[in-house]
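Asker: Dropping a structure here in structure tokens format, bear with me for questions.
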Amino acid sequence: MITRVPRSSWDETHFGKMGSYYINRTFFFDVHPPLGKMLVGLAGYLSGYDGTFLFQKPGDKYEHHSYLGMRGFCAFLGALLIPFAYLTVLELSQSLPAALLTAALLTFDTGCLTLSQYILLDPILMFFIMAAMLSMVKYNSCANRPFSAPWWLWLSLTGVNLAGALGVKFVGLFIILQVGWNTLSDLWHLFGDLSLSMVTVGKHLTARVLCLIVLPLALYTATYAVHFMVLNKSGPGDGFFSSAFQARLSGNNLHNASIPEHLAYGSVITVKSARMAVGYLHSHGHLYPEGIGAHQQQVTTYLHKDYNNLWIIKKHNTNSDLLDPSLPVEFVRHGDIIRLEHKETSRNLHSHYHEAPLTRKHYQVTGYGINGTGDSNDFWRIEVVNRKFGNRIKVLRSRIRLIHLVTGCVLGSSGKVLPKWGWEQLEVTCTPYLKETLNSIWNVEDHINPKLPNISLDVLQPSFPEIMLEAHMVMIRGNSGLKPKDNEFTSKPWHWPINYQGLRFSGINDTDFRVYLLGNPVVWWLNLLSIALYLLSGSIFAVAVQRGARLPAEVEGLSQVLLQGGGQLLLGWMIHYFPFFLMGRILYFHHYFPAMLFSSMLTGLLWDTLLRLCAWSLASFSLAGHVHALGILSLLLGIAYSFYLFHPLAYGMVGPLAQDPRSPMAGLRWLESWDF
């Protein structure tokens, strides 16, 4: 008997940690909207979890920490996918066997089971997608009773679930597109119904605007209001956001802070990029590698608070201690020539004609000199955007540019991630292109100068619309910059429908308890075959109907189910799958699962319809009445048996890997790319 010690698994280290942040009210940054993580945190809080587990890496023991509430919540929502799919197919096909077959496909899929038993966003996202789909087909079924209580209920629930899907991940936009297309088609049909007055059509339009646009937007906005209200303490996400945003976070050095208003020589400062999610001008003792420009100290941008973000602003032609109380205060003014000396290493911000490490035709930026003594390539002219020469420079509020005096280039961050030699921080360059862009605009954030009076920063706190807009800009940029973790398999969209390669959830070698995310191959390959068969059979029926062929009543009814109900499901699969081919971000196998739900529903509807057509065509034979029942039963038994074979993938394996002939899973490694 296997004795299993509860451990964290794969992305639980990500989303479980974020649940902890909500419980501790600690601000963090994530590339996804907040609703899913908030619900995970709420489930943990209600089940007695105190938010103290560190979630550092997969495989960490949970020990005494109460993690079951969060896992149980995700499992509960994952389990609801089955009745939602059942009811959706039942509504579209009016066939109990079709709905049962669909439910079986999802019940016996090892992939859906694996995703649903851990602290992940996927079961939450799929719950809202399926709930929105079910609500949509339900309100479509009420079309003959417009403005009745059930009609309003399902229309409103569709809007609520759309907000939920988008509030968990931005791919929730795909179900919004599907509902939007259905709504436009519905309104176009109503507009062409001459028995309806324009007032009635206007009422239909207003109802859909209120329930499918206004209501979801209000709920989506409300999730952010709660998000910002709960996360009011400084945390690891601060550096991704602007200085003004950070001023609202308790514990941040800018919260309720008082700092000198105008920049002066001798001040210790941090310089932050105006481009969101770029961070602070940063340096450290590591040098650029041989062959990467000059072998001098690296200068980067870094998203987190750090002593290596501190710089001393000095005159270009003197190295005296400007904080000496006996010397008068000299303010830095627009147009001054300055040096920036890195406080921790005493090297100056420097540029020259060597090419930048990643961006062609840009110049390299380095740290150079000894104890503040360098050369003329350390001189920069500080300019305030849209200001006159001689004006003082305000902390936080002045948007500044640094022009290199020798080369004439402008200091900026390309936003490109450096390789491991650069600690995967962001590249800083000096660009010869002088056009004003956010890449080359900075502001002074921290400002330490004991010779100057302080002012309060409360006046800088942004409004809620400004906070929400900034959060979305940072998330969009974060999504585009996602990179794989060490030893992590990524995949391509064409891999997904064929179940080409899975994903390790926990364990690597034969002594580990291993869970492997892979779809039940019988289910997935049946789904893939069903899509091909649907395209063929659907095309035949569509051509027949278009050409005015006279079909028997029963066949005509089945063709309508196939074309209308199946068409909705095929559209759902396409909308949730094909956009991934256009995405530049990193992709994983689990991104396909929303599309897999639609292909499973299409499979259930298609095979029920085809078997009914077979039974009808064999009506003259004695066994014709049993063809449909035998076909459905065979499919159910085959799917169930395949789950019996592959269930260890979801529930856990120990012992030799499948590549080893001694492994009990050796005979089930049907593709070489499966590495369980």
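Using N, Cα and C of the backbone, Cβ positions are placed for all residues, glycine too.
Nobody curates TrEMBL annotations by hand; they come from automatic prediction.
OK, TrEMBL features for this one:
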DOMAIN    260-316  domain 'MIR'
DOMAIN    329-385  domain 'MIR'
DOMAIN    390-447  domain 'MIR'
TRANSMEM  67-87  transmembrane segment
TRANSMEM  118-139  transmembrane segment
TRANSMEM  151-181  transmembrane segment
TRANSMEM  205-226  transmembrane segment
TRANSMEM  522-545  transmembrane segment
TRANSMEM  557-575  transmembrane segment
TRANSMEM  587-607  transmembrane segment
TRANSMEM  627-646  transmembrane segment
Asker: Cβ under 8 Å to the transmembrane segment (522-545), counting only same-chain residues 6 or more beyond its ends: which ones?
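Answerer: Contacts of the transmembrane segment (522-545) (Cβ under 8 Å, skipping residues fewer than 6 from its ends): 105, 108-109, 111, 497-499, 551, 559, 562-563, 566-567, 570, 573, 596, 599-600, 602-603, 606-607, 610, 635, 638-639, 642.
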Asker: Hey, which bits of the same chain come close to the transmembrane segment (557-575), Cβ under 8 Å, at least six residues off its ends?
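Answerer: Here the qualifying positions are 89, 92-95, 133, 137, 174-175, 177-178, 181-182, 531, 534-535, 537-538, 541-542, 544-545, 551, 595, 598-599, 601-602, 605-606, 609, 612-613, 616.
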Asker: Give the nonlocal contacts of the transmembrane segment (67-87) in its own chain as ranges (CB under 8 Å, at least six residues past its ends).
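Answerer: For the transmembrane segment (67-87), the sequence-distant neighbours (Cβ-Cβ under 8 Å, at least 6 residues beyond its ends) are 6, 8, 16, 19, 39-40, 43-44, 46-49, 53, 99-100, 102-103, 106-107, 112-113, 115-120, 123-124, 126-127, 130-131, 133-134, 597, 600-601, 604.
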Asker: Go through the chain and flag residues at least 6 beyond the ends of the transmembrane segment (627-646) whose CB is under 8 A from any CB in it; none is fine as an answer.
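Answerer: Residues packing against the transmembrane segment (627-646) from afar: 97, 100-101, 104-105, 108-110, 518, 520-523, 526, 607-608, 611-612, 614-615, 618, 668.
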Asker: Give the nonlocal contacts of the transmembrane segment (205-226) in its own chain as ranges (CB under 8 Å, at least six residues past its ends).
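Answerer: Here the qualifying positions are 33-35, 38, 147, 152, 155-156, 158-160, 162-164, 166-167, 176, 179-180, 183, 187, 464, 467-468, 471.
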Asker: Cβ under 8 Å to the transmembrane segment (151-181), counting only same-chain residues 6 or more beyond its ends: which ones?
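Answerer: Answer is 32-36, 121, 124-125, 127-129, 131-133, 135-136, 138-139, 142, 145, 207-208, 211-213, 215-220, 223, 475, 479, 571-572, 575-576, 579, 591, 594.
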Asker: For the domain 'MIR' (390-447), give the DSSP counts of helix residues, strand residues and coil residues.
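Answerer: Per-class counts: 6 helix, 27 strand, 25 coil.
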Asker: For the domain 'MIR' (260-316), jot down how many residues DSSP puts in helix, in strand and in coil.
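Answerer: Taking the domain 'MIR' (260-316) as a whole: 3 helix, 28 strand, 26 coil.
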